[in-house]
Every structure is written in structure tokens, then in C-alpha cells.
Amino acid sequence: MDKLRLEVERWLNHPNVNWELKQQIKELNESEIQELFSLEKPLFGTAGVRNKMAPGYHGMNVFSYAYLTQGYVKYIESINEPKRQLRFLVARDTRKNGGLFLETVCDVITSMGHLAYVFDDNQPVSTPLVSHVIFKYGFSGGINITASHNPKDDNGFKVYDHTGAQLLDTQTNQLLSDLPCVTSMLDLELQPNPKFVHTLDNEKVYKNYFRELKKVLVINNNNFKDIKVVFSGLNGTSVCLMQRFLKYLGYSNIISVEEQNWFDENFENAPNLNPEYKDTWILAQKYAKKNNAKLIIMADPDADRFAIAELNNNQWHYFSGNETGAITAYYKLNHKVFKSPYIVSTFVSTYLVNKIAKRYGAFVHRTNVGFKYIGQAINELSQTNELVVGFEEAIGLITSDKLNREKDAYQAAALLLEIARHCKEQNITLLDFYKRILSEFGEYFNLTISHPFKATATDWKEEIKALFNQLINANLTEVAGFKVVKVHLDKQTNILEFGFENGWVKFRFSGTEPKLKFYFDLTNGTREALEKQAKKIYKFFVNLLKLNKA
């Protein structure tokens, strides 16, 4: 019997594993067993550890949460004074088992002699609010039980330092290296102390947060606050709080997508939880049509991602993260006086903001992919500079360094609706506003494509290295008829860039699954010509790497 089968048998016969998990184990197929019972330690991705709720060392279950929490607390202990009692915030989103996993995390924290703070009544909490409370209320760190916009059967484990910023790779690698082998998670003995668990005053936290959020506004007037706006929280943490916040700001015509604006752990009326995809908007568009509304705003289930769509000439335009980042930067730099302004974005996000920043005396700081890098960059830069916006090509942004260190749907809603009202005053649309930016700085075309490939090697990461080497060693001087002026592999970020005379395509592989991501940033041409160029380049590389056989 191989090692994995022995581990399966161990789980099936272990007294700490309940009947429900044992039944789930019996229903697993071979590939699921390989994934869930691997003896490797879990991997932290761009936003924590995420996987489906399932048995095994890599499923999200009470054992894996206890194991990861133990490692996290030990890491935070190591960077604090010895024997100091630490304070941790523990929160969860609206997903299944959130309450159970939260209780498990608190049990580990209190067993280790520290204090755990939770929201009253086990209330689901938005990710930006978690970061805010850690940042503002003096916590040693925090654990967020969330899988953000992942499929409904997933859950996750997200960890923060005392500033409310996510831990970086070097820190999570240290966390994992100090943990024993994964097989130990079944035998972890806990002695929880309920006296070490404290509840927060939810109302007090919300009201303080709203007051702080209001400060992100640039021009705080009441013009057009009766603007019709359809809102969906996709059955997540913002379903009540966002509407309450917008009313606090004075908006009087917020139209709620009722089926998607209540806590539903099954997400029955929200089949897709990622606002980046158009099918996520179908129900909200029906509400917009019924109420003759031309704006829809949406937050993903943990309310870090924020998206906005606008009806133009009977067609919906879904603003990308690149577009809202550029719009926010341009608007704020035009209407606010800054001392040493800066923008933070990732290496794969649009360089249009570099041109905007240059005109207004701002600088752009680039980071690796993932908002954890943006959050930590803000920690460093905010000491002597003033944030304009932090954003990435995946929807979502932060507009203030005084609130938190996460993408924040509430900040984004406040500012982008202000900009939408400003456009209404000018008798233009939000899309017109973006086009004016392009008319000043030149057309930019951005596109992100995630392409799966069929891995044949046992270790698909080795196959990834081979593909990258193939691209580098091809010594390409042109791609699909376009001259190559640069080929560069950044060894810190593992992002491979092919530069052209009018922009670039960058490649990045997922750290957790065999997928290759293409990021395009092209300029100097009409939108149609740039889109055509991107498609030609994409097709060339798909054929070169034989990805069409995926």
C-alpha cells in the first residue's frame, strides 16, 4: 500500500476524525486523494491558503485550520517580545463552516495563551474591515477565514501582521518551515480558554469605519446623490453594510438586488462569485433594466474586490481594474493637492498611470502580483509620501493609507460614485471620462488571459520552467510580425516580459495550478488595431508552446 493510501486509512480510523469527514473520504476519487492527502506542506498563494472544504491535509477542515493557526501564532510570537500575551482578531466571511473554523482558530490561539477577538454574534466581516480593525485597534495580527471570490465550496486562511497587511512570502515560508510535518495535525491537543475570547462592539466599529471612509472623498457635495445605482453584494459580507454606508454618504436611490443581498452560504442566486466575469452581472442587469438605472456596482463575497458597470448606447461597459485605477488616479490628481503623491500597482497592471503620474509630479511604485505586496509597499511609502491610489489589474483598489492595507470595496464605491456624479455634472458618462484620459495620454489596450495547459510531468512546476526556458531560448526577434525589443525574466517575481515598440506582453504562471497567464499592455494605435495585435501575439505563443492541446 502506498504512502497516500496509508494516510487515507489513518484518517478513516482516527478517533479525532468525525463521521462526516470519514464519509467524504470514502467518496473521493484517485486524483482527489492525490491532491488532498499529499504530504507536502500547504502553499500560501497570492492571498493566503485556499482550497475546497474537504478532508485531508490540504482540504480546508478543522485540522488544517488548527495546524496553520499554530504556525501563524508561533511566527507572530517570534517577532514579538518573549512571553508577551498577544491580541489576535479572528473573522470570517459568509461561507459554509465559517463559524466552525472560527471557533477552531480561537481554540488554538487561546490554547497558546493569547487573546482572540471576534465580532459579536459571529457576524460575517468584510476583508477590508478586518484589515482596518487590526490597523486601527492595536492588534498583534489577525486571521481571516475567507476564500474571497473563489467557488462556493472553497474556503481559505488569510493572515495579517500588526499593520493589517498580509504576510509576504518570506514570512509565510518561515511560518511553514517552523511547522512539523502535516501528519501531526490529527494529533494536535488543545486546551482552549474561553476567558481569552472577547467580542467587539460591531456598531461602534462600523460607525468609526464609516467616519474614516468618508475622508476618502475628494469633493464632498450633495449634487446628484439621487443617482440610480443598482447594488449587488453577491450574498457576501457587504450585503447590508454597503447599502448602509451609501445611505450614510447621502445616496437616496440605491436599488438592491434582493436575491443577492442577504447572507447565503450556498450562494444559490449567485452562481459566479467573481465580478470580473460578465455572467456574474446578469441578475443585476435585470434590476437595472426594470428601474431604468445606468450604473451597477458590485462587491465580491468578502468585499475586497469592487466593480462598476455603466450602460452606454444600450451596451454595458464593465470597467476593468486597470480602467478604474487610471480613472481614480487622474481624478484625484486633478482635484486634490498632494505632498509627494504616489501610486502603487503591480508589474502586470497598466502603465497608463505612469504617464498620468508624470504630468502631476507623482511617482509609481511597482510590486509583484498580489495585493499583499501593495499593502506592504504602502506601509513603507506612506511614512514620507501621500497615496493617490493602489490598484491591480484584477478589480479593486485602495485610495487611502489611513484606513487599512487591503483592497476595499467601500473606499472604491465612495470615490467611484463621486466620480460618476462629477461626470453627470459635466453631462458625460464615466466611460466618456475614461476616453478623455485616453485622448490626453494615448490609447491603451489591456487584456488578461488565463490559459490552462495539460501537464504531463509528475511535477508540473518543472514543466513550467521548461516552457519559460523555451520562450527565452527561442531568441525571438519578432512575434506575429511585431518587432521584439526586449526579453526579460524577473527572477524575483518570475514574470517573463516580451517588450514591443508599443508595449508588452508578460507571462506569469499560477503557483498552485498549471495555468499560464498572459497580460497585455499596448499603446500607440486605435483600440481596434491594438486588440488585433494582442490576439495575434496570443495566438502565436499558444501555437509556439502547443498550449492549444490543453
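Using the three backbone atoms N, Cα and C, a Cβ is placed for every residue, glycine included.
Taken from Swiss-Prot, the feature active site, phosphoserine intermediate covers SER148, and the record attributes it to similarity to another entry. Cβ neighbour count for SER148 (active site, phosphoserine intermediate): 25 (other Cβ atoms within 10 Å of its Cβ, all protein chains included).
All chains included, 34 other C-beta atoms sit within 10 angstroms of the C-beta of ASP304 (Mg(2+) binding site). ASP304 (Mg(2+) binding site) falls within neither a helix nor a strand when secondary structure is assigned with DSSP, and so counts as coil. According to Swiss-Prot, the feature Mg(2+) binding site maps to SER148, ASP300, ASP302, ASP304.
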**Item:** Shell of the Mg(2+) site beyond SER148, ASP300, ASP302, ASP304, same chain only (C-beta within 8 angstroms of their C-beta centre)
**Value:** ASP93, SER126, THR127, THR146, HIS149, GLY236, ALA299, PRO301, ALA303, ARG305, LYS407, ALA409
**Cβ-Cβ neighbours of ASP300 (Mg(2+) binding site) (radius 10 Å)** = 30
**Nonlocal neighbours by CB distance (under 8 Å) for ASP302 (Mg(2+) binding site), same chain, sequence gap 6 or more** = ASP93, SER126, THR127, ASN144, THR146, ALA147, SER148, HIS149, GLY236, THR237
